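Asks: Take this structure, written in structure tokens, and hold onto it; I'll ask about it next.
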Amino acid sequence: MLKIYDTLTRSRREFIPLTPGKVKMYVCGMTVYDHCHLGHARVLVVFDSVVRWLQTLDYEVTYVRNITDIDDKIIRRALENHEPFGALTARYIQAMEEDAAALGIISPSFEPRATECIESMVTMIESLLSKGLAYVANNGDVFYDVRRFPGYGKLSGKSLDDLRAGERVEIDTNKRDPLDFVLWKAAKPDEPSWDSPWGKGRPGWHIECSAMSGHYLGERFDIHGGGQDLQFPHHENEIAQSEGVHGHPHVNYWMHNGFVRVDNEKMSKSLGNFFTVREVLARYQPEVVRFFIVRAHYRSPLNYSDAHLNDARNALERLYTALKNHAPSQAQAAEEATATIDWVNDGYAQRFMAAMNDDFNTPEAVAVLFDLASEANRTGNSHYASLLKALGGILGLLQQSPRQYLQHPAHPQNDHHSIEEIERMIQQRLQARKEKNFAQADALRQQLAEAGIILEDGPQGTTWRRQ
């Protein structure tokens, strides 16, 4: 029985989909004005893991992850760069897709762009106006009137008075209340705009997600996810918009992943500890970064540091080493490739399922992987290695060739030895040993060791891995 922590009710709830056997899920994606940072990577990996587990439970998942391709930040960056906003967003969408692919992210069922759904947004704003939940200001902007929505603040757990006291809101004389938020922004010179009943303009950020989720998933869907930073005001405002239009809750389970911290400090450009995914991938294999993310529970803070990434790299290496040392024969591998995981009788599989059904507890699931590796090392039984790979695959891990993974440079940007060069030196060492020139053979081994290359001599010959 799958249980999910629902942010709205602040409780673990049994997951019961609206339609048996099917799951509809929406996750807030990137605003594409820059490269993905570690916070984006966490959202991508966390909800990719959620989708993978739901599919493992035989649900048919419709997964929508939007792209915000029109926003104040995008417009400012395009003006700074003296380029069309469409060229800017196209470049960063391509970069995002490359980063997601590197991290092993399954493509969503739909990945709508805000600029493709303007008509749906206009229709939704018209409905809010007709219900008296929105108003057109003197400057042509359209605002949501938060005082007209009785449930405002229920996701963040705060009243309007609490929110007014705690929020730093810029004074806008066009608003009736400081917490009122914009649904439609009147056109300004040198900014992209679209036609609407209120004149040319562009949508506000919050209406984009309400319109896109409703367009692709309907008035009500199962799961809405995103980073903790979106809980207020973005998701609070989505509730006000969608419930305001439809008259009923539009999401059954709200999921939020925790913040990313860097060396126990908040990640920010002002502190100089801001890292893009590309900067991290220049130093670590993508699978190490994914493994680092799934080792932490999705709702817990994730503390990034070189020490933690190095620890994740070493831990993942132990799992791949177990796979390499205890790989099944070709015949066994072919047989086990068609076999399904025995969730009923296999104790390791049962523990893995219990962990994932407990609010996607990936740290406990990863612990099962290490127990399997230990059992494979203890018994030499390839069955445990096969199960290790199968369960790891559910988390998007351990699907590379163990030998290739272990031969990949630990820190790509610092790698000074190609595979061809390493193989050449190994052959030179083998030749030296044949000629009983053990001094030269030892010197070559030492030279490789100093470069972080570990040689392993065995009955089948010499293999190697990076330290």
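Each residue's number is its place along the chain shown, starting with 1.
Cβ coordinates come from backbone N, Cα and C, glycine included.
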Asks: Write down the one residue from Cys117, Cys209 that Swiss-Prot lists together with Cys28, His234, Glu238 as binding Zn(2+).
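Replies: Answer, per Swiss-Prot (Zn(2+) site with Cys28, His234, Glu238), from Cys117, Cys209: Cys209.
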Asks: Of the residue ranges 30-40, 129-139, 140-150, which one carries the motif ''HIGH' region' annotation in Swiss-Prot?
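Replies: It is 30-40 that Swiss-Prot describes as motif ''HIGH' region'.
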Asks: For the annotation motif ''KMSKS' region' in Swiss-Prot, which listed range does it cover: 156-160, 266-270, 361-365?
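Replies: Of the candidate stretches, Swiss-Prot labels 266-270 as motif ''KMSKS' region'.
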Asks: What is the pLDDT of the motif ''HIGH' region' (30-40) when averaged and given as a whole number?
Replies: 96
Asks: Which residue counts does DSSP give the motif ''HIGH' region' (30-40) for helix, strand and coil?
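Replies: So the motif ''HIGH' region' (30-40) is made up of 3 helix, 2 strand, 6 coil.
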Asks: Specify all same-chain residues, apart from the site residues Cys28, Cys209, His234, Glu238, whose Cβ lies within 8 angstroms of the center of the Cβ atoms of the Zn(2+) site, ordered by sequence.
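Replies: Going along the sequence, the neighbours appear as Trp205, His206, Glu208, Ser210, His224, Gly226, Leu230, His235, Asn237.
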Asks: Near the Cβ of Cys209 (Zn(2+) binding site), how many other Cβ atoms are there if near means within 10 Å?
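Replies: 28, counting other Cβ atoms within 10 Å of Cys209 (Zn(2+) binding site).
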Asks: What residues, ordered by sequence, lie under 8 A Cβ-to-Cβ from Glu238 (Zn(2+) binding site) and sit at least six positions away in the same chain?
Replies: His206, Cys209, Ser210, Ser213, His224, His250
Asks: Across all chains shown, how many C-beta atoms besides its own are within 10 angstroms of the C-beta of His234 (Zn(2+) binding site)?
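Replies: Excluding its own Cβ, His234 (Zn(2+) binding site) sees 18 Cβ atoms within 10 Å.
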